[in-house]
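Worksheet: one structure, shown below.
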Amino acid sequence: MNLSEKLLLYFLPAIGASLTFLDIVFLFKKALRGEFVEHYQWLFVCSRFTVWVLSCIKESSIVLFDIMFGLSINIITVKRKSSKSSLMEDPLLSSDVDLEEGCDRDSGSNQSYLDLVTFKSIASVMNHGVIKQLDFDDLLRLPADMDPSCCHDTLLRSWQSQCSNDCSNPSLLMAICHAYGWPYFRLGLLKVLNDCVGFVGPLLLNKLIRFLDQGSGHVDGYVLAVSLGLTSIFKSLLDTQYTFHLTKLRLKLRSGIMTVIYQQCLHINLAERSKFTEGEIQTFMSIDVDRTINSCNTFHDMWSLPFQIGVALYLLYTQVEFAFVSGIAITISLIPVNKWISKLIANASEKMMKQKDERIRRTVELLTYIRTLKMYGWELLFSGWLMETRSAEVMHLSTRKYLDAWCVFFWATTPALFSLFTFGLFTLMGNQLDAAMVFTCLALFNTLISPLNSFPWVINGLIDVFISTRRLSRFLSSCDWKSKLEEMDDASSKLLVNAQSEFCSEEMAVVFHNACCAWSIGDNEERNFILNNGTLGVPKGSFTAVIGEVGSGKSSFLNSILGEMRLVHGSIQSSGSIAYVPQVPWILSGTIRDNILFGKNYDPRRYSDTLWACALDVDISLMDGGDMAYIGEKGINLSGGQRARLALARAIYHGSDIIMLDDVLSAVDAQVARWILFNAILGPLMKQHTRVLCTHNVQAISSADRIIVMDKGRVKWMGSSTDLPVSSYSGFSPLNELDMSIHVQGQESGVGTYSEDKSEAILEKSIVCASEGAKKIIEDEVRKDGRVELIVYKNYAAFLGWFVTIVICVSAILMQASRNGNDLWLSYWVDTTTGKHQKEYSTSFYLVILCIFCVVNSALTLARAFSFAFGGLRAAVKVHNTLLNKLINAPVQFFDQTPSGRILNRLSSDLYTIDDSLPFILNILLANFVGLLGIAVVLSFVQILFLLLLLPFWYIYSKLQFFYRSTSRELRRLDSVSRSPIYASFTETLDGSSTIRAFNSKDYFLERFMKHVTLYQKTSYSELTASLWLSLRLQLLAAFIISFVAVMAVVGSNGNLPISFGTPGLVGLALSYAAPVVSLLSSFLTSFTETEKEMVSVERALEYMNIPEEEQLHGHQSLSPNWPYKGQIEFRNVTLRYMPSLPPALRDITFSIKGGMQVGIIGRTGAGKSSILNAIFRLTPICTGRIIVDGINIGDVPARDLRAHFAVVPQSPFLFEGSLRENLDPFHVNDDSKIWKALERCHVKEEVEAIGGLDIHVKESGMSFSVGQRQLLCLARALLKSSKVLCLDECTANVDTQTASILQDTISTECRGTTVITIAHRISTVLNMDNIMVLDRGTLVEQGNPQALLQNDCSVFSSFAKASTM
């Protein structure tokens, strides 16, 4: 037996017995002495009252028991029915028992129905939340039907059914109705009951006030008073159960839509996906999902609100007859106004969403290429473009916010206008106002406030739902590429039979028959055919080299086999499993082992052989943590060559039938390229597999069984390497007179002994050490604990503007004061026209004063609404601008260590909260707070005993909210932390979807994504249960207040208390004010908690506003426009490391480069070549030493100014979405003739002219061009800059040998007098340079003239040259 039960059974009867005993003593004393005992009458009445209270508690306990018994019977009935139905059909009051996995602390047979109704399951989580920081393990376990896999299957089945029924225009909204319509309908029945019970309160209030006026028998008054409290309790139970099951449905829908969108991203091919921008797809997941799940509330509200309004109006008619028509006239006159406003809001929302898509696309572009943008010194330019997009978005947001403010004004002033016109007309019709009628009407007006205020938001929500579901339907209905290919296969089966004379399909791994493919969707123009009328076969087990000049269609050839392109006509067939390594390797965030296994089981022998074949063993041995070293997003802590070899290792380990490699050898140096060719591609691990390699490497071409020469999307020639005519591919001839044939045989015999014993020993050691755990380059997301600090609120107030904040608060307080004044004036009117205190005032006098209150209230409401809209917009603009400025000034290391999904979460979801949700919930909080303040003041004025209740009530309330808030804060932070991996995983998958499809790892990634969603779902479920736990207890507390005020009024009406409770008007006012306390208290704490949760978004934004700036971003040394004058570069004892925990990338390097000299930097992959450029461009601050350029220490120069004076072609070519002219010359400093000349010098003029000139629109990431073409365009951009220092980071790696040679000649002639630093893997690229530097593990091991070093057989450079046939 718990404490409350003991109190009820023992303590209260003991008090009654004591008072009775006291009565007996007083009576006995009077009988003996015959004297009157002072205050005896008062004590006697108190005694009677206490005995009555005890009997009431007994009676109410019996009534409550009956109610609970009835509920229990319903629960048992529903549960029995639900056990026979499917998981989709949720019972109204489910116990969430997981039959398969047994019981847990939150769901199971160990819980009574009372525990389920009172949400006792969350108590254990809340107990943890008070004493410690919550973790995911502390959360409630999900019920089986809320598991994301179950939700995904339910929604997917409905969507597929919808697609099969309405192929042309399937609707996600209809699919949702099909999946969750029946449980949603059942919840509607519960809502009908809930809404009906809501009107019992005003009716009981009417009866009670009439009783108090008439002063009839005692028992009736007490019954009415207690019934008022019991009705509130019953409504509380219905409210919380409805909210619980509705929100559960929302969570199911959210996880279902999220997983279905993710699955679509895994299945939709690149050609089909090009119809949607990256930003648009990101918005689907971050914003459209939230808007769609809001339909759960919106659709029930669409019928419920008119129903509530209708019933309230009918009850008004019973009170004031036809006088309520004037109130209705006001309401109806506002309907067309609100309809017009809603239409404008819908237009503004649609335009805002388009701008939001564009902003998120630009944000993703900025975050993805931030390193390159900093090298170019373009981050301010890009942030400027992003700010322009944001300005357009804010313009539409402001339209929406100000229109919302008008909506709030119209609907918030309606009750005041309603009372003025209704009572005014009623009295003018010659009727007399009385307390019962006035305050019943006021209670009904209060009932009207919520549905009237909510209606515009519901209409806006409905508009958002239709917009978002239409957008999602369009994305989800994008045709499935597999089904397309199957159709093509069926249609072309006859063609294949005819083709078998040439290509026997049993002997062929890949067969093309008259295939015509394009990237563009729905565009059949000849020039868009990337692969045109190709007919060929790739034999099983063969090694095929695909060659051709830049932009000839080599990568498209591989993508067409993968099904990533649109097959216009013909057929493409492949047999067996496929592995694929793209030209830009896709690296997963995770350990090296995770990247190689890619969901497959671990086989130590094969794994070891794979690492050895890819020359990764030595690299892994040098890493902290071995093969369990953590790789950051997009492989940021790996060199370009390491990324390529890691992707190759993944393909080899999977052992697929067909292995397609897109130019993997260009990213590594000559020695490693030769090792990979002979030990991996031609080695025992891949010998029996079909290999297709796009390459410019001459050794690979000469080793191939078959060669396919591509030219402008067509197969120009096909055959063996011995038959390849020079005219077909000019790159196949030696480009340097140096003959390497004498070394080839020796190299081949020596290749197999590449430090074999040493590397195997190192490998064993690294794999043994791996168990020590993954060393993370990326830290887990930090989350704060405890309450949201006051400084966060202060910062948000500063963003709003202190003056605006004060205006909002003052207008809200005065608005409430005018509202309370309006009600007090009505009570005065009633008291002075009826009863004992009649005064001779005209009706017009009362109406004029009432009218003044109404006008003042309307003006203050308008001021509050517009000041809130203005302040909210101001804060949204300031937060975004400050956050963006801080991010673009952050060092590159911050982006290396922070996944872009985490940053994007701040700039999408958190910013959406600050834009939209936070001002909305703050507005509600302020309205609730001043509403409660007004009620407390009026009740204290009318019923002085209410002050006695305030202190214990406030104590209980503060304890409850402290217990709850400490947990709710933690849950909201966990919610934010669990959301970031969803976006990070989603962004990562979008980048690597073609690789995932090629490896057929869609199920593995979907399962991985579902684990992230499960955590998110668990957090939300625990959050929901905690909020309803509190809501129920608060509503029960409020029910007690109502009962107290009502009982005191009944006791006071009999004159049995020494304190007068005033006139009937004031008593009626007190009772009508006590009724909304139930909803207001709950709403206040909910809005307060929600505000605190939403403030977490501001807290998270502020966290990124405190990131450090780049070192010397605003240096003291200014530069002249013509600097550098000579281009002389000097390194003095330079040491550089990327993180304190990592080994140095450059170790005490010293060298000097004279002005105008062309220098080549070579070295094994990971030797520190790119780190030289990072040091020159100050992307990473050097630890020790100095770098001098033309006599100036670059450490003293502002970083952006420095970078703007150097020209660079980065390792990963960068083109952004926009016109080609903007890409080449974003600052518009060159005329067209100069741009065309630069394109001609880089040999891409013809290609640019062919596709439409400088005004053509370049797609995201430069997808309009091949990787080789992108590198050439980046080179043209660098030549346009005319700097005295030009840095080339492997800029010819992805172009054919002949083009590379021509470009080297171009650089030699066009860049005379310019210091050129070239990082190269091809020895032929650097042979004619003035100087060569050879790096190894961050140290300079050799420097000198390349020709001189070549003659020295002992030199390191000579050994590099021997490994390459150039």
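In case you wondered, yes, glycine gets a Cβ from its N, Cα and C as well.
According to TrEMBL, the features are:
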DOMAIN    189-464  domain 'ABC transmembrane type-1'
DOMAIN    510-737  domain 'ABC transporter'
DOMAIN    806-1093  domain 'ABC transmembrane type-1'
DOMAIN    1129-1362  domain 'ABC transporter'
TRANSMEM  7-29  transmembrane segment
TRANSMEM  311-335  transmembrane segment
TRANSMEM  405-429  transmembrane segment
TRANSMEM  435-467  transmembrane segment
TRANSMEM  796-817  transmembrane segment
TRANSMEM  845-866  transmembrane segment
TRANSMEM  920-938  transmembrane segment
TRANSMEM  944-964  transmembrane segment
TRANSMEM  1034-1053  transmembrane segment
TRANSMEM  1065-1085  transmembrane segment
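Between the transmembrane segment (920-938) and the transmembrane segment (311-335), fewer than three CB pairs separated by 6 or more residues in sequence fall under 8 Å, so the two stretches do not touch. The transmembrane segment (311-335) and the transmembrane segment (944-964) are not in contact, since fewer than 3 Cβ pairs between them lie under 8 Å (pairs 6 or more apart in sequence).
In the predicted model, residues of the domain 'ABC transporter' (510-737) average a pLDDT of 82.
By number of Cβ pairs under 8 Å, the transmembrane segment (1065-1085) is matched best by 435-467 from the list 405-429, 435-467, 796-817, 845-866. Among residues of the same chain six or more beyond the transmembrane segment (435-467), those with a C-beta under 8 A of the stretch's C-beta atoms are 173, 198-199, 201-203, 205-206, 209-210, 213, 291-292, 294-295, 297-299, 301-302, 304-306, 308-309, 312, 315-316, 319-320, 331, 338, 341-342, 345-346, 349-350, 353, 404, 407-408, 410-412, 414-415, 418-419, 422-423, 823, 826-827, 829-831, 834, 1064-1065, 1067-1069, 1071-1072, 1075-1076, 1079. Contact between the transmembrane segment (405-429) and the transmembrane segment (944-964) is absent: fewer than three CB pairs lie under 8 Å, with pairs separated by 6 or more positions in sequence. Nonlocal intrachain contacts for the transmembrane segment (845-866), taken as residues 6+ away from its ends with a CB within less than 8 angstroms of a stretch CB, comprise 402, 405-406, 408-409, 412-413, 416-417, 419-420, 423-424, 427, 807-808, 811-812, 814-815, 818-819, 821-822, 825-826, 829, 926.
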